[in-house]
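Student: So TrEMBL lists these for the protein:
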{"type": "DOMAIN", "residues": "3-65", "note": "domain 'DUF1899'"}
{"type": "REPEAT", "residues": "75-109", "note": "repeat 'WD'"}
{"type": "REPEAT", "residues": "167-199", "note": "repeat 'WD'"}
{"type": "REGION", "residues": "386-451", "note": "region 'Disordered'"}
{"type": "COMPBIAS", "residues": "415-451", "note": "compositional bias 'Low complexity'"}
{"type": "DOMAIN", "residues": "459-524", "note": "domain 'DUF1899'"}
{"type": "REPEAT", "residues": "583-625", "note": "repeat 'WD'"}
{"type": "REPEAT", "residues": "626-658", "note": "repeat 'WD'"}
{"type": "REGION", "residues": "897-919", "note": "region 'Disordered'"}
{"type": "COMPBIAS", "residues": "910-919", "note": "compositional bias 'Acidic residues'"}
Amino acid sequence: MNRFKTSKFKNTTPKIAKKDEWINDVSAGSFSSQGNHIKASSRLVAFNTDRAGGGLVGLTSVTPGSNGQWTVTQISCHADLVTDLDFSPFDASLLATCSADETVKLWRLCDPEQEQPSSPEVTLRPGQGRLELLHFHPTSSGLLAVGAARSPLIWDTSRQDAPLAALEQHSDQLHSLSWKRDGSLLASSSKDKMLRVFDPRAQLTPVQSAKSLQNNKDSRILWAKDDLLVTTGFDMMRGREVKLWDSRKLSSSVNSVSLSSSSGIVIPLFDEDTGLLLLSGMGDTGIDCFEVLSSEPFLSQVSHCLTDNSTRGVAALPKMALDVMSCEVMHVLQLTDSCIVPISYQVPRKHSGQEFHEDLYPDTVGTTPALSAEEWWQGGNQQVEKVSLHPDKRPKPAAKQTPAKKEADQPRGCSTSSSPLTTPSSSSAAPSRSPSSTSGLSSGFVPSPSQSSKNIQCLLGTASKFRHVQGVVMHRDTHITNIRNINLTTPGECDGFCVNSQRVAVPLAISGGQIAVFERSEPGRLPDTALPTIQNSVNVADMCWDPFDPHRLAVAGDDAKIRVWRVPKGGLKETITEPELIVQGHTEKIYSIKFHPLASGLLVSSSYDLTVRLWNLETGEQVKLLPGHQDQVFGMAWSPDGKLLATVCKDGKVRIYDPRKSTAPVQEGAGPEGHRGARVVWVCEGKYLLVSGFDSRSERGVYLYSADLLSSGPIASTFVNVSPSTLIPFYDSDTSVVILTGKGDTRVYVYELVPEDPYFIECSSFNSSEPHKGLVFLPKTECNVRDVEIAVGLMLTKTSIEPVAFKVPRVKKEFFQDDVYTDTVVWWEPALTASAWLSGSNGQHKKISLKPKDMTPVSEAPKEAPVRKYLPSSVYLEEKTDEQKKDELLSAMVAKLGNMDDPLPQESFEGVDEDEWDD
């Protein structure tokens, strides 16, 4: 049977982005060079530009900024035309460029909105004339193949004086280079019509070669799967063709396909995971997609995409940047004269956007190098570890940091990844300093580490004391296990279960909407026999505990009713069938319910009838009805002072209501673009709203709004990953830390929020051993301050409830960390009644300290004398002139204040001498 007929990729469809999603302000031009003119990492896109004689490289990002627009900038890279460029497969910010000025340069790039470096990290000068090609090694860090006029060179970038190998010279100009996927072999094509395969570690001459090309006009070579090579070029009649070759026998091709006639060379892009081969001719307005097969016919066409503009270059995004929830298997960027056009290749599937289709996404090559350049050169053949593309399993990209500057040249906002000269297997020792270069010499000691850290902090900007927060699952003795029949399909608006300081309520997948209630004071394994439950009569849509009465549970059902249940003291001893109160008014199923944070007996609900209603549980009556929503209400949140109510809706709006003054929203603004779910919470003393949701490509993110300027849109946002479940935020007002996770996730994300740039400070995340079904947090008073816990949550799994503590690492834990624990609200006491609030009164919670009586605040801890590191007496007990003493006294004074001219610690990690930074 012809494999093409049964291929899962036979219906792969190209989708060209809308014009308002194109990246504009691009001036690509047309250059005579062998490079591809555009390359992309998972974060950045670099391309040739015709400005400054071609010595500039254009730079933009893979995704638009928070304003929905792309920023395009230029970097002055070379004194002559940039002929080729390539991103490191292991560092999304590391770009290599080569030029007609005979140099190769490695650049540590920043986000396009930020200032770019003025000088490269590494400059290589092969001394062999104009350089045309470069290609990073697929398995080893810091290893490059560089194409000089006629000779391929193998460079270890940590050894800049000379290449590891200069392979046999070709008899005419090099056209193209390509590494085999396992990094063992290098293939080349050239103007002498020859195809060559090198094993650079074994010999400098080819291990295979043949005069196989029919025309010397131009060619490209690309390693496909296993031993197959792909070449594009011209036949004897100058017609364009693509051929497949067995690299072990280059004398004849295994298949060939003729393409449309044109003068531009065809650029090939290959995806190893799917076997898809994209072909785009320079100057063409079309892109062909083929599937490379392992047997006859070897090549089978899948699609032809007709574009609006002529191609100047094409690049494919790395697999880790794909929208897998939309069944995207390739994402191509077409460089044209004036713009970059994104084109998404998607496999049509049912439930696209809702499910991860595992058969389309085998584990793919990760971003951690398997070897250093030196290890590879010595014969190492380890392969890069593969990773899953499943949204819940893929590794999270390293957080963007704001590093300190190197001298005055390191721009703010650049990547802090390790230098290309260092590898995972190598270590970089700090260079020693002679006593003559040490400040504070005459006083006999060097500045203490604390002084240096203050200097660094001044340059780093905002730092978080919660950066290294640790999530820890508590001891098994605290778990509730052997829970059976948990309802794992609660609506997206429901947290999955709910907790208070005394007990946990969990909906069960048993007819009659049954709810199990477990006492937190009685952990352990539950018996196999049936347990007493609350019989809610109908399926549970949402539920929550009364914050002022730990025995009262409100439950919203599918029948548009809210039932209020009372759990006896000591917990359920028998099944309860009669609620304490039933309130009714909604005409359709209820989405969610929330108690008021200050007024007792006041509850708000949202429903499929597109209304939000307030209920006075003291009287059992509806007291307010808030219309205005045009679609499903995803989430609601009361402001900390209890005056305002915020909602986020599927109609794409975030609204703020003042229910006592008007039934219409007092503010309204644009919410997240995605329509799969959202949540909202008030943060930073009620001055801001934090909304979690999805963007237009189903990527999960969080958005920060000013509560006073909702119509202006979000002032900041950060994106997490692609996953179908909505991020549920928990915000701790005492620390301004937000903890985010979704039902079914394995990772819990932690950020500190600050009301100024950068707004989101990423902290360490927590990973559970298996996907959880919900994570709900206990009141702050449940935190163990002696262990510096800032939050304690209960994690629901398939059969258990496990406490998870989030701790801040501290050295002096015997002291009360009063910089971490501010006075917290007495949340368990109402500030006023529902009737008083409805009549216009406002209240405020009292606050108490969490400090135990037997602990001393760390701010009052005895101060330790600074440790001074004395230099040998021979250094400073010398006979000195008055002028020397005067100079040294001035140096000592500068050191005492914190000498800003001292090299920063990270300079010692760069792995290069200071003079090597000069271009």
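Quick reminder: no glycine exception, Cβ is built from N, Cα and C everywhere.
Each of these features: where is it, how hidden is it, and who are its neighbours?
Tutor: Note on the repeat 'WD' (75-109): mean pLDDT across this stretch is 90.
Residues 34, 132-133, 135, 137-140, 145, 147-154, 205-216, 218-223, 225, 229, 231, 233, 245, 247, 250, 272, 376, 381, 383 of the same chain lie 6 or more positions beyond the ends of the repeat 'WD' (167-199) yet place their CB under 8 Å from a CB of it.
Each residue of the domain 'DUF1899' (459-524) gets a DSSP state, and the totals for helix, strand and coil are 5 helix, 22 strand, 39 coil.
Sequence-remote contacts of a segment are chain residues at least 6 beyond its ends whose Cβ falls under 8 Å from one of its Cβ atoms, and for the repeat 'WD' (583-625) they are 491, 493-494, 541-549, 554, 556-562, 564, 631-638, 640-642, 645, 647, 657, 659-660, 663, 827, 830-838, 842-845.
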Student: In the same chain, who gets a Cβ under 8 Å from the repeat 'WD' (75-109) while lying at least 6 residues past its ends?
Tutor: 31, 33-36, 39-44, 46, 48, 52-57, 59, 116-117, 120-136, 138, 141, 144, 146-147, 155, 157, 318, 365, 367-369, 397, 414-415, 417-418, 420, 919
Student: DSSP says what for the repeat 'WD' (626-658): how many helix, strand, coil residues?
Tutor: 0 helix, 17 strand, 16 coil
Student: DSSP says what for the repeat 'WD' (583-625): how many helix, strand, coil residues?
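Tutor: Secondary-structure breakdown of the repeat 'WD' (583-625): 0 helix, 26 strand, 17 coil.
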Student: Reported in the order helix, strand, coil, what are the DSSP residue counts of the repeat 'WD' (75-109)?
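Tutor: Counts, helix then strand then coil: 0 helix, 23 strand, 12 coil.
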